[in-house]
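A short worksheet on the structure shown next.
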Amino acid sequence: MLAVKRSSNLIQGCMCTQVGQSCSHLLFRQERSTGATGPPPAMPQQDSAPLTGGLCAQGPPNSAYSSNAAPAITQTDSRDKWSKKMDFLLSVIGFAVDLGNVWRFPYICYQNGGGAFLIPYILMAIFGGVPLFYMELALGQFHRTGAISIWKHICPIFKGTGFAICIIALYVSFYYNTIIAWALFYFYSSFTSDLPWTNCNNPWNTENCTNYFVKGNVNWTNYSRSPAEEFYTRNVLEIQNSSGLRNIGGIRWQLTLCLFLIFTIVYFSLWKGVKTSGKVVWVTATLPYVVLLILLIRGATLPGAWRGVVFYLKPKWEKLLETSVWVDAAAQIFFSLGPGFGVLLALSSYNPFTNNCYRDAIVTSLVNCLTSFVSGFVIFTVLGYMAQKRGVNVEDVARDKGPSLLFITYPEAIANMMGSTFFAIIFFMMMITLGLDSTFGGLEAIITAVMDEYPDYLTHRRELLVLGLVVVCFMGSLSTLTNGGAYVVKLLEEFGVGCSIIAVGFLEAIAVSWFYGIRRFSNDIKAMLGYTPGLFWKVCWVAISPAFLAYIIISSLLNPQPLTLFDYKYPDWSITVGYIIGASSFMWIPVYMVYKLVWTPGSLKQVRNINENKNKNKNGTY
């Protein structure tokens, strides 16, 4: 009986958010009708009052005005705002356009049918990625709060989702910034007339090192290793001093110094809020496009470039019949646009209430997808050039996907171009700026979420919070700076994010569309933009987008891929550790639900009364 009484509060908490209109929403619409201007008043805090009410404030369901309601977002009036609209747009674009656009999309595209892959990719973007992207921007802008406290206004029992988002963002910071540190190591090493990965005469080289760019015929075998590959594995990573995850070796002081410099830049970019980060992105978000254009022009002039372009775009229509191609398209667009990470909620929460978030969603999504497409030309013109030099097929050039494409294949091609030092410097500068933008967004999601959840303690202590967060991220990254750090990076990338963030996005879509109510959410958008979203968006939010995420989750669980890096196969125990890492973030969702059920009073009779009032009140919607 106790369990039944407790479970009624979940229903009541979510119904109250649907049946009763928010004060902010109703008052703002009244102001619009009377010609008044100005931002909407603060919204009522739905779970601030103890329930004879349950998870909602006391009063009948249609009682939107309550004299006892405390403002949910007490810091709204003093909340930071973007100095310019472009600060926001560049921040969103900088977050969405990251290293994955350069290494992941080209690889997945040619692996899944070349030009034919663009069909599932575009369809998944239209019906899955962009609607979720738009949803998060609208939620953050309307409620003006971060990933934790926003659930007070949507459905309080899902608040654990916000904590899960923050933990996942921490895991990302533990490995993603190490990849940027690798790029910084390369950047420093590029300031020389002869790049150190151009020949086999270095202390770290082995007898397998083969430089096929020298004159004469070179016999390339399965045991051959290019100078660029040995520079990456044996000098940057020093992976030869690690036997795997059981013995990851010591910490590389050079990489530690690089990571320290990266986090120093991150701290001074975020410590004052969007006022400072909004200025930094004018450099970090625009520079990559200048560099991409330069590299695209240079790549197009290389001999054999056409071979790479043909391989990149030549459609293999039979691939469209394979389920894995559609799964890869769905996963790529989800991770590329980044809904579910809490970043879009945080960044849009600093927008004016009437900002056109619909236009922002369309523009930034298009920029993101077009950047991925153009990056493919930048990569494959070079792969075609290398294939011609080696005398092999294009698909034989890049044996490893992911970071290896950026740290082995592309540097190898750059090293043998005229003006190699210049191209190496700007390429790795582009990688650093691409990575920094995403780090800014990921950490801002944590900062905004925590500050909005505890405003009384942290509103005037942002600098200390950012410092503490940066220190935690740096300490958490130490295992990735070891000789076997690349193995740890791969493990965190696969399990620390992976299915966990997709499941979080799925629950977020369900909570907003089915518990908060699609009609109420549409009315929120109408309050901001002056018009209601069309039928297409509503159908996507209610059915198609959740199905899109469920499809990725189920496919990933049914068809797990073996985890390997270079010649190392991850042992079974490490896979178990990976699942534990993934569960350590997602577990807070059911944990908080149980906590809320146990500690929130209520009864089935109250739920029945709410349902009766709901039927009488036509303003209550699902």
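Just so it is clear, glycine is given a Cβ too, placed from its N, Cα and C backbone atoms.
Just so you know, TrEMBL annotations are computer predictions that nobody has curated.
Small disclaimer: the values here were computed from a predicted structure and weren't measured.
Per TrEMBL, the feature Na(+) binding site maps to Gly94, Ala96, Val97, Asn101, Ser336, Asn368, Leu434, Asp437, Ser438. The feature disulfide bond is assigned by TrEMBL to Cys200-Cys209. The feature transmembrane segment is assigned by TrEMBL to 88-106, 118-139, 160-188, 251-270, 282-306, 326-350, 362-387, 422-443, 464-489, 495-515, 535-554, 574-595.
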Cβ neighbour count (within 10 Å, all chains shown) around Ser336 (Na(+) binding site):
23
C-alpha spacing of Cys200 (disulfide bond) relative to Leu434 (Na(+) binding site), in angstrom:
31
Surrounding residues of the transmembrane segment (535-554) on its own chain - C-beta under 8 Å, 6+ positions past either end:
124, 127-128, 131-132, 134-135, 326-327, 330-331, 334, 499, 502-503, 505-506, 509-510, 512-514, 518, 521-522
For Cys200 (disulfide bond), just count the other CB atoms lying within 10 A of its CB, please.
18
Chain residues in Cβ proximity to the transmembrane segment (160-188) (below 8 Å; excluding those fewer than six residues from its ends, i.e. six or more beyond):
99, 146-151, 236-237, 254-255, 258-259, 261-263, 266, 340-342, 403, 406-407, 411, 424-425, 428-429, 431-432, 435-436, 438-439, 442-443, 445-446, 449-450, 453, 472-473, 476-477, 479-481, 485, 488-489, 492-493, 496-497, 500-501, 504, 507-508, 511, 581, 584-593
Taking the Cα atoms as reference points, how far is Val97 (Na(+) binding site) from Cys209 (disulfide bond) in Å?
35
Number of Cβ atoms other than its own within 10 Å, given for Cys209 (disulfide bond):
19
Most CB pairs under 8 Å with the transmembrane segment (326-350): which of 118-139, 422-443, 464-489, 495-515, 574-595?
118-139
Residues flanking the Na(+) site, with Cβ no more than 8 Å from the Cβ centroid of Gly94, Ala96, Val97, Asn101, Ser336, Asn368, Leu434, Asp437, Ser438 and excluding those residues themselves:
Ile93, Phe95, Asp98, Gly100, Gly338, Thr371
Between Cys209 (disulfide bond) and Ser438 (Na(+) binding site), how many Å separate their Cα atoms?
35
With the transmembrane segment (282-306) as the reference, which stretch in 251-270, 362-387, 495-515 has the largest tally of C-beta pairs below 8 Å?
362-387
